[in-house]
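Student: This is the structure, below, for whatever I ask next.
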Amino acid sequence: MNFVTCHVQMRLLLQRRLVRLRESELFRPQTSLSTFKRHASQKTRPIQKCSRKYARILLLSVLVPYTGYAFYVSLATVKQIDLRNEMCQRLEENNNEVTYKGSLLKYSPLEVLGRFENPFEEYRIQTVFEFFANRVFELFERNRGGIPRDVHQMNKLMPVHKPTWGPNLVDVDPAEETALPLECKVLDELHIPTAVEENEGSKCPVYNTWLGQSCNYTVYNGLRILTDPLFSDFLIHKTLGPKRITQMPSQITEVPKPDIILVSHNHPDHLDLESLEYWSGKDSPLWIVPKGMKSYMTSNGCDNVLELSWWETLQVKKNNEIYHISATPAMHWSGRSLLDTNKSLWCSFLLTHHGNPILFHAGDTGYVKDLFVRIKERFGKGCKLALLPCGQYCPEWHQKPRHINPQEVLKIMKDLEARNVLGVHWGTFVLSGEYFLEPKEKLEMLAEWGGFKDRCYCPELGKTECFD
C-alpha cells in the first residue's frame, strides 16, 4: 500500500513539474529569434551611421558653396554700386542736376555670374537661408492676415463690382474680337521722346479697372493694356499654393481682348499659367516682358513677345496714333523656382503719348531715394495715373528691400509728381504678416492727412474708374 501511494505521489509530482516546465517555455524568449535581432541591429548600426555621415556631407557640400557664392555676389554687387555712384557723381557734379547719362551709369542692369542683381544702395540680398527662415516663422502665425471667416463680412469689407472696362466695352464679346495688328519697334536712344508741353493727346481720360493684386485693365485713347495678368484662384498650381481671399471680379473669358500685356516680372502673383494659355498662339496680344523672360514665354506657347531692358523704349502704333512704352528700373527680384532666381530682369513700365507720361505701372519694387526722380526727369512730370503696390511689407526686416509700404507710396507719388495714384498689390492673397486691410487704411489715412485723398487711394475690385 505504501509502495502504491508513493508511486502515485511520484507520478503526480512529475506531472506538475512537466506542466510548470511547459508554462515557462511559453513565456521564455526564443533564443534563436533574439539572437537574430541582436545580430541584425549590430549590422544596421554601421549603415545608419554611414547614412547620417553622407547626409551631413551632402548638406555641407550644398551649404558651404552656396554661402561662398552669396558672399561673393554681395561683395561684387557692393563694389559695382560704389563704382557707379562715383562715376555718376563725377558726371553730375558739374551740372548740379540729375542727368539721363547719370541715370544710365547708376541704374543700368547689373549682372553677376550670369544672374541679375540690384544696383541700389538700399537693397539687401536675400539668401535662401532668409527665405526659408521667414517661411518657418509664418507657420507659427495664427489667422495670418486677419481674414474674417464669415463670407458676408468679407464681402462688406471687400466689395466686388462688375467691370465696365471703358468706353464702348460693356457689351463686347471677347470671343468674337479680333485684335488689330500693332506696328512696333524698339527705339534707340537718339529717337526716344522726352517730355514736352501738354497738348491734345494728353487730355484723353484714362480708364482703369483693378482685378486684384497688380492686375489692372487700362484703356487710354482706345489702347487697351493689361498689367501683370492673374486670373487663378491659387498661385503655384490650379489647386496648390496661397488661395485667393477675395472673389475675382471677372473670369478671364469675360475680359475684352487687350492690345498689350505688360509683365513686370515672372513671379506667380504677377503672371499665372492660365493667362499664358488663354492669350497665346495666333492673334494673341503683344506681350511686353523684361529682358530674359522671352524663352519662358515661348516655351508656354506665347510667340508675340518683345523683351525690354531698363531704359529701353518700344514705339507702338495703333489707329495712326503713336505711343511709347518704356521699361524703367525697379528694386525687386525674379524667379518661379530656386533654379531660375534672377535669371530674368524685373522692371516697371511707363506709357507716354506725345511725350507726356500717361500710365506708370510699378509692378513690385522697394523704395530708392533718387530712382523715381530720375524717371520723372527723363520722361516728364504729371503722370496721369500711377499704379503703385502698397501691400506685402511685413515683416519689414524681410520685405523692405523688395516692397514699399503706404508711406513710401506717397514718396513715389511726390518723386514722380503723379496726378493720381492707385494703391494695388493688396487684398488678394495673404503673402505677408500685416492685416489684409491695413495697406488700404494706412494709405488713405495718410493721403487724407496730406490733403489729396481724392487723388491717392485704394480702388475697389472690378470698379472701372475714370481719370481725366
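Every residue, even glycine, has its Cβ placed from backbone N, Cα and C.
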Student: With His265, His267 listed by Swiss-Prot as binding Zn(2+) 1, identify the candidate in His191, His324, His332 belonging to that site.
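Tutor: Only hit among His191, His324, His332 in Swiss-Prot's Zn(2+) 1 site, alongside His265, His267: His332.
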Student: Can you name every residue in this chain, apart from Asp269, His270, His425, with its Cβ inside 8 Å of the center of the Cβ atoms of the recorded Zn(2+) 2 site?
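Tutor: Along the chain, the qualifying residues are Gln213, Ser214, Cys215, Asp228, Leu230, His267, Gly363, Asp364, Pro389, Thr428.
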Student: Could you list the residues of the same chain, at least six apart in sequence, whose Cβ is under 8 A from the Cβ of His265 (Zn(2+) 1 binding site)?
Tutor: Leu271, Pro290, Ala330, His332, Trp333, Ser334, Ser344, Leu345, Trp346, Cys347, Gly363, Asp364
Student: Would you find the one among the binding-site residues His267, His270, His332, His425 whose Cβ has the most company, meaning other Cβ atoms within 10 Å?
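Tutor: Buried the deepest by this measure is His425.
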Student: Neighbourhood of the Zn(2+) 1 site (His265, His267, His332): other residues with Cβ within 8 Å of the Cβ centroid, in order?
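Tutor: My list of surrounding residues reads Ser264, Asn266, His270, Ala330, Trp333, Ser334, Trp346, Gly363, Asp364.
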Student: So if I measure Cβ to Cβ from Asp269 (Zn(2+) 2 binding site) and keep only same-chain residues at least 6 apart in sequence, which ones fall under 8 Å?
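Tutor: Long-range Cβ contacts: Gln213, Ser214, Leu230, Leu235, Thr428, Phe429, Leu431.
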